[in-house]
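Student: Below is one structure. I have some questions about it.
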Amino acid sequence: MAQAAGPAGGGEPRTEAVGGEGPREPGAAGGAAGGSRDALSLEEILRLYNQPINEEQAWAVCYQCCGSLRAAARRRQPRHRVRSAAQIRVWRDGAVTLAPAADDAGEPPPVAGKLGYSQCMETEVIESLGIIIYKALDYGLKENEERELSPPLEQLIDHMANTVEADGSNDEGYEAAEEGLGDEDEKRKISAIRSYRDVMKLCAAHLPTESDAPNHYQAVCRALFAETMELHTFLTKIKSAKENLKKIQEMEKSDESSTDLEELKNADWARFWVQVMRDLRNGVKLKKVQERQYNPLPIEYQLTPYEMLMDDIRCKRYTLRKVMVNGDIPPRLKKSAHEIILDFIRSRPPLNPVSARKLKPTPPRPRSLHERILEEIKAERKLRPVSPEEIRRSRLAMRPLSMSYSFDLSDVTTPESTKNLVESSMVNGGLTSQTKENGLSTSQQVPAQRKKLLRAPTLAELDSSESEEETLHKSTSSSSVSPSFPEEPVLEAVSTRKKPPKFLPISSTPQPERRQPPQRRHSIEKETPTNVRQFLPPSRQSSRSLEEFCYPVECLALTVEEVMHIRQVLVKAELEKYQQYKDIYTALKKGKLCFCCRTRRFSFFTWSYTCQFCKRPVCSQCCKKMRLPSKPYSTLPIFSLGPSALQRGESSMRSEKPSTAHHRPLRSIARFSSKSKSMDKSDEELQFPKELMEDWSTMEVCVDCKKFISEIISSSRRSLVLANKRARLKRKTQSFYMSSPGPSEYCPSERTISEI
């Protein structure tokens, strides 16, 4: 369909191709009356609503139809009387035109345009239009009923219906004489309608402002079309819903007779629809009259009822009434939300004052490693308690044997067999059956005399790093010579040959109250006061790991941070030697080539790993895992990393070698050379305390940096071993054996007080 520009004021009339009348029943023309329809006939509107149009719609249809007829008369188109309401077409944009009459009663024939007229006078067309509008206002009423119209509308229809009788001489109907007498017609009141212009003037005079007539009446016709289409959609949905309900009911109750649903007729639905629209336009107005000047006619039809309601809500043009309950406002509306909350708080039982509250003691929080280190640094060094006998013995150890008070009273009455027995017990590391028998006989001979024993220094206190292997070899050989002695004393002698340093803090030594200390088999019994706590040497692993860090280090110890800096400087120097190879140098400098293997290139899909030590990109094959201290502990010496920082694979491979040696018979230890013994000791090499390595993180380092770190650690630990050896030798020279023979030739002897 081709649409014209405007409705009444003058524009080209639109032409239409009539495809049939609209929906006579809401369900019959559901597809035809969809969103694609642009025009509805007045007869379709009346049939759909099943009630007459209101007065404002009648004013609008009359004004818009006369406007289109006036525009057609200027183009000298033939006139035609309006025979039925089906010829009046209301368009979507608010225009109203006349269609030619249908030959048949059912549907109109196809016509070239909207305005196809035969020769007829203008007054006849106005008269027929007035009659059709009156029938639309009287639609649905009985013959004996008549609708009461407002005086202006009744006068307009009366003038339009009596136009032919009032002016029978004007047969041509041209507007030449009308245009010449235009000023006089504007001054005097229109007593008779002779042209379309007179009808339009009467319609415009109905409004408060005549200049708003075109826009207002166009808006009314546009609203009429929109509301009619919405009603049709509403009725179509209701009918489809009823059909679906019937189908569901038939499926559920197939055996029973189908009962018809109680339906509301279309007329009832249309009546309800009209009532809702009327209430929205007239009755429900959520706005104050005092806020703006109320202009009922031009504004009411500019928007649909829904748009009007939403506009009033957005602009807050409403006043809410106070809801009264039993003649009074409800309590919850009297107070604000803040006051209600305060009243609720006041209604609760009073709270206890803060001073009267007794909170539970906070649970003890486990101290972190950092706090424990700081506490040990701030605390004074605690010395372990020693018995008076040990103090006396340490004093005797500071002078030669000849100056000792115990050996000055040398009145030896002990047989030679006792001395040999003590020597053999010292070599084998345990008491034999002869010692037990001899001790029993001695106690029987002298029951009243109490046995006071002096303890000679053990081999573990005198041997150095070089003499330890020889002593072990000697003890194992002696154990193999005398098969009657058990093999356990040799293990105990080896495990107890190291003494903890005498200046260890008491927190690092185990408490002797927890378990009974084992009696040393190579020492002679002595009595100690019961109120003096005995010192229990720690286990081999803990004593060795702590002993390493207690002796003063007299060599240069590089820290982790310094080694990292040295490695980064070496890497930069290594990069400079590739300057003559521009491609390799550029790729290495930009991080597009692995710095270790220099064969793997990195692309968008192949990412590189960054070595945390030298800060250079490496590939996955050259990247290894290594545990390193974090930033606060980067000042630790590099030798403190030890084997624990190396990769798990290497440490496990290294541990497999000595693990087999531990399961071999003890007698085969004597067959090892010094090289195999050093390999066994490397597995038991001293490590950094595990409690200080809890927060070390596993970092990614390249194979070159890992090798570099391992070499520095091994060299630093060799220097540390030499320093520890010198420290041990310096301490052990302060012994009362000033001119003792070599460790391989020395055999200690112990004598009791009674023997002296």
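For all residues, glycine too, the Cβ spot is worked out from N, Cα and C.
Pulled these features from Swiss-Prot for this protein:
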MOD_RES   ALA2  N-acetylalanine
DOMAIN    40-231  domain 'KIND'
REGION    131-138  region 'Important for interaction with FMN2'
COILED    229-257  coiled coil
DOMAIN    305-323  domain 'WH2 1'
DOMAIN    369-386  domain 'WH2 2'
MOD_RES   SER387  phosphoserine
MOD_RES   SER406  phosphoserine
MOD_RES   SER464  phosphoserine
MOD_RES   SER465  phosphoserine
MOD_RES   SER467  phosphoserine
COMPBIAS  474-492  compositional bias 'Low complexity'
MOD_RES   THR509  phosphothreonine
COMPBIAS  512-528  compositional bias 'Basic and acidic residues'
REGION    556-576  region 'Spir-box'
MOD_RES   SER678  phosphoserine
MOD_RES   SER682  phosphoserine
MOD_RES   SER735  phosphoserine
Student: So what's near the region 'Spir-box' (556-576) in sequence-distant terms, Cβ-Cβ under 8 Å and 6+ beyond its ends?
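Tutor: Non-local partners: 585, 588-589, 595, 613-616, 628-629, 633-639, 641, 705, 708-709, 712, 716, 719-720.
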Student: Counting by DSSP, what is the helix, strand and coil composition of the domain 'WH2 2' (369-386)?
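Tutor: DSSP composition of the domain 'WH2 2' (369-386): 10 helix, 0 strand, 8 coil.
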Student: Please give me the CB contact count at 10 A for SER387 (phosphoserine), counting all chains in the structure.
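Tutor: Excluding its own Cβ, SER387 (phosphoserine) sees 16 Cβ atoms within 10 Å.
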